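Each remark here refers to the structure printed beneath this line.
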Amino acid sequence: MFGNIQTKSVLRKVSVASTSSNKSTKSSSAPPAVEPRKKSTQLPLPAQPSKLSRPSTLQHRNAVATKVGNSTSKQALVRKAVKRKAVTPPPQWDDSSSDSEGDSEVSFDSTRKRIRSSASSVDPSRTLVDRTNSWTAPTEDFPLAHAADLVSSDPKFLPAFREEVATEVELQYPSNSKRERFYLANSTESDGYKSIEDIGETVKFVCANYLPPAEAARACDEEFGFERRLNRAFKGSEGDPLEYKKILDEYNTLIETRVKDGTIEKVLAGKHGMSFDWMKRILDQVYSRTVSPYVESLKDYQNGTDFVYGELLYTLCSKMFKETGLRSDQVFVDLGSGVGNVVLQAALETGCEAWGCEIMKNPCELGDLQAQEFPQRARLWGISVGKVRLLRGDFLDSKEVGEALKRADVILVNNQAFGPNLNSKLVDRFLDLKDGAQVISLKSFKPDGFEIQERTVNDPRHLLKVKKLEYFSGSVSWTDAPGNYYIATKDPTDLIAFQKKMMKGRRA
């Protein structure tokens, strides 16, 4: 369908051809099959020491590598360049936390960088901390897509430092789950995945959001904080990989200590929402490890039909969630969910139960990969997320979709490229919605000035009260231009009043 995905420009942007053309845009690569995962044992860089030859825990990567061939990913983890400065002494870290716990999210108001402090979604009834398994001992069969496996079968990656082989490192997340493995390797493409930037961004958000305020301030310090020191050790590939690894080990020790002494769980337990950038960081990781290597397959669609692919980006989706008041105790349904981006964002940002349905094969295959990785990635970050269910097939015929719609509080339909016939059938589908349910769309289901009349009294569009809103540049993948979207609330009040008035007139 014409997507309904929330990806963000450089990281997730999939260009969409004009719907006026009937030409098919074909991908040179087939989508990955969701099949029993195999293990990766070799990094396609110069020959590695024996320590780099241990089996990969990402089981699907090699199983689908031959199908994607040389597909060019446009989903790079590209970040703002950091100016290099002279090395300065690192801060000293205490072995125990004496800082007061509480909301530790750090905002740098007068510095070069800023961690956005405004919450993407704050729901007082939501429990953000994962109480199920993030604080239990890690297990060997934890099915995580490691960053090391992202580059291990792709010849476009070279060592990030000036060394013959890529150094392997591990990164501790703010939970008791096992560490993620990385090779310090970057893509040769300007917009390709860069492990140095992935690690740096992750370290920044962990330090800002999971430590007590005073300790977070030290860890995020512009001169002595971990991210700054890592950047200095890197020096744009001119640095020392051993120094980089030493600093990362220091960070790992701090976070592991704070997990074991209960500090991180306590800090996270005091939060009921996430900042926009924090939420985006987690979703970016899921996307880069699953969809990004096969993104070219999403261009395999037929223009001029109902089956065209496009994406709604993070900012627009977040705005939609706020406008509808989506909460953790509610149900969200995305009709035409593509690779599942909006579904995952809803489950992470609001904690709601989130459903999606997609008919096109390639997005479905990639959506399955995201659905597998998403709960594991949330577990790494210690975050409780809403239940996610991605379905394959026609949302007009699916019984499961029908049952979900009956319970749904918010429904998203990216109907930008839908024809009148499909939009009409969708309106009939909305008859099953409960009163108060809200339908978000890019084209209104109810024309302006469509008033209730006796001859149209049975038209289901009279059950909808529509509000027109504006989205700004950079909100969708197929254009940089601003536009409009609509929220239709099922509200039979006006129709009931008209019917009563009509019956009264007839009796008179």
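Cβ coordinates are placed from backbone N, Cα and C, and glycine is handled just like the others.
Listed in TrEMBL:
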- 1-128: region 'Disordered' (REGION)
- 13-32: compositional bias 'Low complexity' (COMPBIAS)
- 50-60: compositional bias 'Polar residues' (COMPBIAS)
- 96-106: compositional bias 'Acidic residues' (COMPBIAS)
- 117-128: compositional bias 'Polar residues' (COMPBIAS)
- 167-503: domain 'DOT1' (DOMAIN)
- 309-312, 332-341, E358, 394-395: S-adenosyl-L-methionine binding site (BINDING)
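Secondary structure at S337 (S-adenosyl-L-methionine binding site), as computed by DSSP, is coil. The binding-site residues D334, D394 differ in how many other CB atoms lie within 10 Å of their CB, and the one with the most is D334. Of all Cβ atoms in the shown protein chains, 30 besides its own fall within 10 Å of the Cβ of L312 (S-adenosyl-L-methionine binding site). In the three-state DSSP classification, L312 (S-adenosyl-L-methionine binding site) falls within a strand. Per-residue confidence over the domain 'DOT1' (167-503) averages out at a pLDDT of 92.
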